[in-house]
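For reference, Swiss-Prot has these:
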- 23, 80, 120, 454: (6S)-5-formyl-5,6,7,8-tetrahydrofolate binding site (BINDING)
- 226, 245, 247, 250: K(+) binding site (BINDING)
- 226-231, 245-251, 270-273, 335-338, 358-360: GTP binding site (BINDING)
- 230, 251: Mg(2+) binding site (BINDING)
- 216-377: domain 'TrmE-type G' (DOMAIN)
């Protein structure tokens, strides 16, 4: 589809509401105003007008806002019609606008895409619009707004600028080898490179925090039947999300709860008790449990403290530990401390965290909450943070790898040409975040995930 078309879409959620907004952007927006309103409203002023059908009869009446380009969200002429939020009324008005030549329904995210293409915002800011809409906590919303206002982009642009200056210095050393000063060995380039690496590490740390705020952590509760997995899910969720009985195998499918710990999203998954089951339904539930375990960020290995004194997971259930994916973090949770009389709290056992608690009474659950937050490195006190996506983390990691490779070339062989190439690749990776260097394929995937009307 052409970006020269004029596009229209409903900017408010579908369904009934007090207000319904249609947004129009493009060369024909002026014609839409003349046809539907009978006049062109004063720029950036609210005008209360009837919205007219083809025969001149009123379909609705409301507020019209006119934003002539380039001083608009998309950089094009933009008209917003704010009428009553009834689905029938909005549908009639939308059909009326689509009778005009050169006007079509917008694709999901096309308004934001046009804003990006017209340099009204960069790609990280455009993504922040969707993240702000999807924010699941106050902290996530504030961080998304910071990204929208350019906080993340400013940090990335600072790195790109520093790399640009460093590349100039390195390439000057390559192009003018006969100068009296040996630019590659006088220590200045190494010092500048170390400075960029340190700045990039700081941005990566903040980006990981932003990714946690956006993506959250997937925690799977696993263990034998009747270990108290569902009771722990209920304790963490603060409500009776799962049925709890003394009958082994009560939970036969995956149960999911979404909670927040000091702003960090946590996806808690309760699974069927793991054992050799003859019942077909229970067997399917156990297989699904293993599928969830394999995709987890952390596993809470639930142990009934009344059945064993062991604390090392390899001693408690070696077959379970052997089947777990390599490098998957495990927290051993010894449950039923209210019965065993164990001291509540957290300790380390052979590289694994061990938490003693009572899921039934809730004693020790706060210790587990703090452990989950700390295990992901989540900092609740970070001010002015920004949200980050997985593609951002990947781009930052690639840039860091190129800088380390470049440093190795500099220190190992004084290879200026190879250092210059690694600096170029690092700069390219960073530019993918803001969209200065991005494939059309990636743009399509990003903007297609947006709401229609955004």
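A Cβ is built for glycine as well, from the same backbone N, Cα and C atoms used for every other residue.
Sequence features annotated in Swiss-Prot and their locations in the structure.
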residue	record	Cβ neighbours (10 Å)
23	(6S)-5-formyl-5,6,7,8-tetrahydrofolate binding site	24
80	(6S)-5-formyl-5,6,7,8-tetrahydrofolate binding site	21
120	(6S)-5-formyl-5,6,7,8-tetrahydrofolate binding site	19
226	K(+) binding site	21
229	GTP binding site	31
230	Mg(2+) binding site	24
272	GTP binding site	27
336	GTP binding site	22
358	GTP binding site	23
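Nearest to residue 23 ((6S)-5-formyl-5,6,7,8-tetrahydrofolate binding site) in space, judged by Cα atoms and limited to the binding-site residues 272, 336, 358, is 272. Within the set of binding-site residues 80, 120, 336, 358, the entry lying nearest in space to residue 226 (K(+) binding site) is 336 (CA atoms). Annotated pair residue 358 (GTP binding site) and residue 80 ((6S)-5-formyl-5,6,7,8-tetrahydrofolate binding site), C-alpha to C-alpha distance, rounded: 56 Å. Looking only at Cα atoms, residue 336 (GTP binding site) sits nearest to 230 among the binding-site residues 80, 120, 230. Regional average pLDDT for the domain 'TrmE-type G' (216-377) in the model is 84.
A 10 Å radius around the C-alpha of residue 272 (GTP binding site) takes in these binding-site residues out of 80, 120, 230, in sequence order: 230. According to DSSP, residue 230 (Mg(2+) binding site) is assigned to a helical segment.
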